[in-house]
Amino acid sequence: MSEQLLTASTPIDAAPLSDNTVQTTAPATSKINLLDLNRQQMREFFAEMGEKPFRADQVMKWMYHYCYDDFEQMTDINKGLRAKLQRVAEIRAPEVAEEQRSVDGTIKWAIKVGDQQVETVYIPEADRATLCVSSQVGCALECKFCSTAQQGFNRNLRVSEIIGQVWRAAKIIGSLKSTGTRPITNVVMMGMGEPLLNLNNVVPAMDIMMDDFGFGLSKRRVTLSTSGVVPALDKLGDMIDVALAISLHAPTDDIRDEIVPINRKYNIETFLAAVRRYLDKSKANGGRVTVEYVMLDHINDSTEQAHQLAECLKDTPCKINLIPWNPFPGAPYGRSSNSRVDRFSKVLMEYGFTTIVRKTRGDDIDAACGQLAGEVIDRTKRTLKKKMAGEPIAIKTV
């Protein structure tokens, strides 16, 4: 596959969605939103209109290579087909409600999805530009150090609301090309939500990201991060091949049970066994997984815990990202000191692990790891909060 740059209430132990179930909100119109369809589905849709498969490919190219949403702009499509598409279909990406820019070049967008918002983050670096994409409105997993989890859970995002984040960001970044803004080269499913609890919408969206007529990214440049929904991870390996990152954050079950509650259902040993099964199937990971480990002061950052982590991971090929914890209002944790992070990192490297201390990006606009909140109406009837404003607002039930 050629690679191009992109310019233009659920319980913790909820089972993965079945093959024929997609959680969505009702579309705003009766027209088909083409952003909900991967290439196979697009071809089926065009076949139903009596059109040949290459017409679907042409439209996809205009949609994703050029970020066009008006059929009249698609000049190699005959007028009759353009008129037919205008009647039965649309290209409708979620709109930006708010944009914030960090001093380090990071951009955070609050994206409107129905009457709520999710957050999408663009992170430029010297050799790449990564887009962090959300998969759910809120999150059901209740990880104690994560701002998103404190908002509760509302619903899964549709395919169009996931790939639409990439489409919208690519269109904005494309408009900034003259300023030297780097095109998107990588996408990470590390925004709001647990991607494996929305598998039937996340997988088609990632498929479009990697499709030559979509955004054309290589499978090594599309990463899914999970906290450990083991049955869905096994299912993922049979559905698609993408890079995998795991949110581990603790070397022992007693600590992980407290800060990542899904561990009470799928413990570390069970989780890592599933990771190894995925690696056996995957070519996207280069034989190893990325382990994410948020550093919490005097919670999981001692030298002894570094040794425990090395022992825990000895049978799992991996590289380790140590992530400075990013605070949010009301959180009971503190960020590990640089000296504790350095000692922790040195222990892991002595065991031979590739260990990287992640540089915090966008923390001045609450766009760093663990800070994404958006606006969530929680179906479990917790208090609705809009963290971007930093103030609680009235409860609204669904």
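Every residue, even glycine, has its Cβ placed from backbone N, Cα and C.
The annotation active site, proton acceptor is assigned in Swiss-Prot to GLU119 on the grounds of sequence analysis. According to Swiss-Prot, the feature domain 'Radical SAM core' maps to 125-364, an assignment based on sequence analysis. Residues annotated as disulfide bond in Swiss-Prot: CYS132-CYS369. Per Swiss-Prot, [4Fe-4S] cluster binding site is recorded for CYS139, CYS143, CYS146, and the stated evidence type is sequence analysis. Sequence annotations record features per position, and here Swiss-Prot assigns S-adenosyl-L-methionine binding site to GLY193, GLU194, SER225, SER247, LEU248, HIS249, ASN326. Look at Swiss-Prot and you will find CYS369 tagged as active site, S-methylcysteine intermediate.
Distribution of Swiss-Prot features across the structure.
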residue : record                               : DSSP (3 states)
CYS132  : disulfide bond                       : strand
CYS139  : [4Fe-4S] cluster binding site        : coil
CYS146  : [4Fe-4S] cluster binding site        : coil
GLY193  : S-adenosyl-L-methionine binding site : coil
SER225  : S-adenosyl-L-methionine binding site : strand
SER247  : S-adenosyl-L-methionine binding site : strand
ASN326  : S-adenosyl-L-methionine binding site : coil
GLU119 (active site, proton acceptor): nearby recorded positions from CYS132, CYS139, CYS143, CYS146, GLU194, SER247, Cα cut-off 10 Å: CYS132
Candidate binding-site residues GLU194, SER247, HIS249, pick with smallest Cα gap to CYS139 ([4Fe-4S] cluster binding site): GLU194
Three-state secondary structure, GLU119 (active site, proton acceptor) (per DSSP): strand
Under 8 Å by Cβ from GLY193 (S-adenosyl-L-methionine binding site), same chain, sequence gap 6 or more: VAL118, SER134, SER135, GLN136, VAL137, GLY138, CYS139, THR148, ASN156, LEU157
Number of Cβ atoms other than its own within 10 Å, given for SER225 (S-adenosyl-L-methionine binding site): 21
Mean per-residue pLDDT computed across the domain 'Radical SAM core' (125-364): 94
CB contacts for CYS146 ([4Fe-4S] cluster binding site) [other CB atoms within 10 A, all chains]: 27
Same-chain residues at least 6 apart in sequence whose Cβ lies under 8 Å from HIS249 (S-adenosyl-L-methionine binding site): CYS143, PHE145, ARG256, ILE259, VAL260, GLU292, TYR293, VAL294, LEU296, ASN300
CYS143 ([4Fe-4S] cluster binding site), number of other Cβ atoms within 10 Å: 22
